[in-house]
Ligand SMILES: Nc1ncnc2c1ncn2[C@@H]1O[C@H](COP(=O)(O)OP(=O)(O)OP(=O)(O)O)[C@@H](O)[C@H]1O
Ligand SMILES: [Mg+2]
């Protein structure tokens, strides 16, 4: 296991290095970027930038400098607002985004698993069709449309929940639901198909032959095995939650990191885009690693083989 | 002797895209207390489906019991609900499955898999169930069972998994044990040990056993009676002696001829039965074996043969036993073994109700 | 028992009978797949839906007298009527015309992305699988590392840097999109290599076409088709997402994504401006998803008997 984690850590660092490098050079390509000179900027910002990036240095020095800063957890200044750094934005916005994301992941997992398991247990009955219709809806409607429609009906039209902002628990309901909708649908479908596959396995028949009840078989034999693909979906799930948060935070006026990121995109605030992208990449890579470790803990076959499934 | 199981006129079908697979067609047999019945027949003849139906373990749908009764201790289990079957499965009847690699749950410790049934049916506490699980593992010849109970199936070899499977089935002290090719995955010495083990248990607890196998050598060792299946039907049943020394059905002849000789394994020629098994979605008219039967008569292609009785215990389903049929000589390999058995009737009797 | 004529009891043997012949005629793989697929009502519904959508994408813009890009400031935000079937937007443009104009772009993005993913994926995965050894190692590690790059973030970055055009968008979507495909193809090629070996050693010279027809096509086409079917809606989704972030196509070009995000703020007063593009995005994604699912189920050999 230790060997496996070490190997994964190395991969992670390589991926991260590539991302940072790619971001750096991409930004040099961008029209009107801080690294080219044909731009009109307030002189004081220009001076700050020049100083911060050592723009008079050759590109490799700038690049080395940037890598060093990232390694020291310094994501750089804002190109538009001279008093705020990317680190400020992160420490201000990320806790909010994290709370929203965690709530959405919980909802997506809970509802998705329940729907998927019900659909599989009642394969080809109305429960199955009902659950899958909900799932297909969740997959087919883009999140910004889903969020706007939910907001319109539940908050504006019927006034059941607050329209926007992030103040109380009530404020969190609509955004987390909207953010959870499409991952929930994916989880429901994934759970259903993996449950169906597991239920067709010989060892389920063995369990039946012992006279165990349907409930015990489902809980003790089927679900644990069916959960494995869902666990590996947690990586893409966290990516989906992050990108989904751009949309949701924007629509519900939530002061999270996603919201700041979208603003920086519309402002073409390149240094912020760059810094936040790198930050998000780190978060994602770490969560994928955590998921893989969790997978190893759930599937007893992985521990021994050291990373490869099966014998 | 007391009958523990009577299977009457059982038919089982599977609904598939290609049509209805009639996997088991009008099967009749019975089993006495403490007796071992071997079911033999080539792959796809319906052995597993027949026996899994006895525990109602075939997937339904697509499977369906089309007709018949399964009387276990005199009570028909066909109409029982899943809930009611829970009291039969793993308590009265248990089963050793054919494929040890896939029949164990990969994410549950072996010990737990043995304990589950004990906790459910015998109200054991977790700790006493665990002790019993260790004992069972020791019984089936797994070394260091105290350590092994806490391992997962992937840490067991194929043979050990098969033993674990047997331990699960035996832990329940069932009245009827169904063993679906329990020894095919094992090497010869272990095979012998397992068979010994099963016989041992049988004599201790008077368990009845249905033993499915391809291996006629094993049959001679363990069985009291033999049922030969072909194309979803039982074509011949009798005591071991009757099947080995006085077989009547040409398919049984073929099976015996294809087996290396029992007594003198020198110069034993292995003659495979040519042709392929019948398509069960569209079973042939007449005798299902006709197309592969060198002794086939015109009638075999037209009408299904009735059941003939050759002795108190010996039945065969072939037109060759009809009074009008010509006398034929079985293949040499079989003929060499043929013996006159004292219990045989003067001439075959048509069984009443036989179609 | 009824009397049976004695001459029926002549031994005729099985000489003349070819028992192979009475075997059930085995359906060919694709015929089997198509039968199963056609039994799947939801998937067939998806096909019908898709055919309709494509039909309107082709002919829809010609069904009205309006031009999708022409402003008509006298007729802004008109509700659906016999004149403007889907109403008009804030610049008085006909939503019906724009919807089908947008269908062309959205579908084109989806299909192009799927085709490019397919081409790169098959080449990369195929070469990697066939060459094996170090080449394979290198190509797959590259794919692994690229796979670690968060997809949408990269797309956003590229759109910001390279500017908002159809070309950039497709480039951005496919730059890591092919990886899945290449993995599938490689896996299939590897297993085919083994089968080929077994086959060749058994039936020496079974003919490459036979091996291809019997193993490569059925085993590989299935997952590839399914993946492609599911790439299309993913790309349409991404396009809509980018439009929402303000990184979509620039006006007057219409895609469903830009139309929907333009319609968002108007939801309260002019709901049709969101309703139509949103509904068609959802229907398209729905159609591709159920078709993809149907294909996957129909191809699943475990269900074969
Ligand atoms: N779930 C199912 N769906 C469709 N057909 C099935 C199913 N299970 C079994 N069959 C069919 O029933 C027939 C009998 O199968 P069965 O497994 O009983 O054979 P068997 O005698 O046990 O063979 P083997 O010696 O290979 O185990 C076969 O033709 C098989 O294809
Ligand atoms: Mg079997």
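Note that Cβ sites are derived from N, Cα and C of the backbone, with glycine treated the same way.
According to TrEMBL:
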- A:94-295: domain 'ABC transmembrane type-1' (DOMAIN)
- A:9-30: transmembrane segment (TRANSMEM)
- A:98-122: transmembrane segment (TRANSMEM)
- A:129-156: transmembrane segment (TRANSMEM)
- A:168-188: transmembrane segment (TRANSMEM)
- A:230-252: transmembrane segment (TRANSMEM)
- A:272-298: transmembrane segment (TRANSMEM)
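The stretches the transmembrane segment (A:168-188) and the transmembrane segment (A:272-298) are not in mutual contact, being linked by fewer than three Cβ pairs under 8 Å (pairs 6 or more apart in sequence).
The stretches the transmembrane segment (A:230-252) and the transmembrane segment (A:9-30) do not meet in space: the count of Cβ pairs below 8 angstroms, excluding pairs fewer than 6 apart in sequence, stays at fewer than three. The list of residues near the transmembrane segment (A:272-298) in space but at least 6 beyond its ends in sequence, with Cβ under 8 angstroms from a Cβ of it, reads 1, 4-5, 8-9, 12, 15-16, 19-20, 23-24, 27, 70, 75-76, 78-80, 86, 89-90, 94, 224, 227-228, 231-232, 234-235, 238-239, 242, 257, 260-261, 264-265, 307.
Residues 115-116, 118-119, 162-164, 174-175, 177-179, 181-182, 184-186, 188-189, 192, 244, 247-248, 251-252 of the same chain sit 6 or more residues outside the transmembrane segment (A:129-156) yet have a Cβ under 8 Å from a Cβ within it.
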